[in-house]
């Protein structure tokens, strides 16, 4: 990623960001407008914390130690745009409900799953999905199911390892290489794996630049 790319990303993510809408079902989705970048992952993988780190606002996306807390598609955009034609924000970040939380009531899990899958399959303004993988656990069966769905729907996605501060630093490059090997034959996977720590701020600048590049391509 070029210096210009990183400067553009810093400009976008350096603005104040705001929460605009929680979407409990597809009928409540906002009108299609700005490019959407979504974050998917197992419950408690750190989606909300990563979004907060990206925009430099610890309290923007609500975080919780309780798995399954995010139950809607939560939309965030940079402030200062009217949202009208000709004055749309450059992108919207979408915090998706976590999957794989077995302790939630079945009806709730089914509703979350339907919302996530319907959104991934049917949103034309969705440019890329960042699938977050806990560095301590690697890719699980639930993750593979989501990757297969994204492959089938031809939705571009990129793997982001989270919580890398929780493993030995020397093990991060090896984990990145192993993860890349697992996804290299998947048709919709972007051929680069990013590593991040929201707590330490590691990898955040690279992720911002990757998002900016995905939006502007």
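Positions of Cβ are set from backbone N, Cα and C atoms, glycine also.
As given in Swiss-Prot:
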type	residues	note
BINDING	41-48, 68-72, 95-98, 162-165, 196-198	GTP binding site
BINDING	48, 70	Mg(2+) binding site
DOMAIN	33-217	domain 'EngB-type G'
Rank the binding-site residues 47, 163 by the number of other Cβ atoms within 10 Å of each Cβ and report the first-ranked residue.
47
Take the C-alpha atoms of residue 97 (GTP binding site) and residue 48 (Mg(2+) binding site) and report the distance between them in angstrom, rounded.
10
Identify which of the binding-site residues 44, 48, 196 has its Cβ surrounded by the largest number of other Cβ atoms within 10 Å, counting every protein chain shown.
196
Euclidean distance between Cα atoms of residue 48 (Mg(2+) binding site) and residue 72 (GTP binding site), Å:
12
Along the domain 'EngB-type G' (33-217), what average pLDDT does this model show?
90
For residue 41 (GTP binding site), nearby residues of its own chain (Cβ under 8 Å, 6 or more apart in sequence):
47, 96, 98, 99, 131, 132, 133, 134, 143, 162
Measuring Cα to Cα, tell me the gap between residue 48 (Mg(2+) binding site) and residue 163 (GTP binding site) in whole angstrom.
13
